[in-house]
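Asker: Copying in the features that TrEMBL gives for the protein in this structure:
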type	residues	note
DOMAIN	A:6-257	domain 'Endonuclease/exonuclease/phosphatase'
BINDING	A:ASN9, A:GLU36, A:ASP154, A:ASN156, A:ASP256, A:HIS257	Mg(2+) binding site
ACT_SITE	A:TYR111	active site
ACT_SITE	A:ASP154	active site, proton donor/acceptor
SITE	A:ASN156	site 'Transition state stabilizer'
SITE	A:ASP227	site 'Important for catalytic activity'
ACT_SITE	A:HIS257	active site, proton acceptor
SITE	A:HIS257	site 'Interaction with DNA substrate'
Amino acid sequence: MHLTIATWNINSVRLRQAHLHQLAARLKPDVICLQETKVPDDLFPEAIASELGFPHLLKRGMKSYNGVAILSRLPLTLAEDTPDWCGKSDCRQISASVESPGGPVTIHDFYVPAGGDIPDRTANEKFAHKLDFLAETRAHFLKYKPRRAVLVGDLNIAPLEQDVWSHKQLLNVVSHTPVEVDALNSWRETGFHDAIRHFVPADQKLYTWWSYRNRDWAASNRGRRLDHIWVTPDLVPALHSHEVLREARSWEQPSDHVPLAVTLAL
DNA sequence: ATGGTGGATACTCCA
């Protein structure tokens, strides 16, 4: 069995429903994890899921900000026991499992706080929130010891030098500071492999996000790899292929993030 | 060094 899991920061699911058809056509995923849906659960455009051939839908949203959702061709079992990160109830994680021949695979869909502009936890409470969030997720997965799990999402950190357009120029820019990179690595090292870097060597540039604040995103190409797919070691032998849908940044009225996917041969 | 754009909401916050 092949299982393709896609992740995308859609930046408003109500505004970009049509793009989901393109995502499904290009990546042919079995599961789509979304972040920044920006809609309360009772206003989620549920019809889009069945239109796409994804009859199974789980969502955790709120008004205006954040929000995550999982659309699936296969039945989903919601993980009910996810923590309330930083006590904020701000809809940054939803997790579920799907059945596969070797047993269930758990999918964790995360939207990590962006962290504001100033990389200083005392001067900027959003940066403090980001670091606290990362410390809590690390502690949780240290205790939980994930198995047969895939963790995806907008983690809002580009950990490697080649994950940003200029390592030197971004060293003090939120998303690429050493303190964030260390925190993200400490979380990942609780039991995950970077599935995208399994396929793309660390010395090759790779981005999943380009700012809106650029006249010509493709020409300047000042991107960052903020979106990730991690798998537990027991799934590393199943890693079959990957795709980063760069063309999505050129879709009409695009998200500033592009979708990516990993296929597992289970 | 600065400001640039976009989404949701309601005259501002967040990215």
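Backbone N, Cα and C define each Cβ position, glycine as well.
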Asker: Inside 10 Å of the Cβ of A:ASP154 (Mg(2+) binding site), count up the other Cβ atoms and send me the figure.
Answerer: 27
Asker: Near the Mg(2+) site, what residues other than A:ASN9, A:GLU36, A:ASP154, A:ASN156, A:ASP256, A:HIS257 in the same chain have a C-beta no further than 8 Å from the centroid of the listed C-beta atoms?
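Answerer: Nearby residues not in the site list: A:ASN11, A:GLN35, A:TYR111, A:TRP209, A:LEU226, A:ASP227, A:SER255.
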Asker: Including all protein chains shown, what's the count of other C-beta atoms within 10 A of the C-beta of A:ASP227 (site 'Important for catalytic activity')?
Answerer: 24
Asker: Tell me the Cα distance separating A:TYR111 (active site) from A:ASN156 (Mg(2+) binding site), rounded to the nearest angstrom.
Answerer: 8
Asker: Using other CB atoms within 10 angstroms as the count, which residue among the binding-site residues A:GLU36, A:ASP256 scores least?
Answerer: A:ASP256
Asker: Measure from the CA atom of A:ASP227 (site 'Important for catalytic activity') to the CA atom of A:HIS257 (Mg(2+) binding site) and give the result in Å, rounded to a whole number.
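Answerer: The separation of the Cα atoms works out to 8 Å.
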Asker: Relative to the Cβ position of A:ASN9 (Mg(2+) binding site), how many further Cβ atoms are located within 10 Å?
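Answerer: The Cβ of A:ASN9 (Mg(2+) binding site) has 23 Cβ neighbours within 10 Å.
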Asker: List, in sequence order, those binding-site residues among A:ASN9, A:ASP154, A:ASP256 whose Cα sits within 10 Å of the Cα of the residue listed as 'active site'.
Answerer: A:ASN9, A:ASP154
Asker: When you measure from the Cβ of A:ASN156 (Mg(2+) binding site), how many other Cβ atoms are you left with inside 10 Å?
Answerer: 25
Asker: What does the structure give for the C-alpha distance between A:GLU36 (Mg(2+) binding site) and A:ASP227 (site 'Important for catalytic activity')? Integer Å is fine.
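Answerer: Roughly 12 Å, rounded to the nearest whole number.
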Asker: Rounded to a whole number, how many Å is the Cα of A:ASP227 (site 'Important for catalytic activity') away from the Cα of A:ASP256 (Mg(2+) binding site)?
Answerer: 11
Asker: Over the domain 'Endonuclease/exonuclease/phosphatase' (A:6-257), what is the model's mean pLDDT?
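Answerer: Per the prediction, mean pLDDT sits at 97 for the domain 'Endonuclease/exonuclease/phosphatase' (A:6-257).
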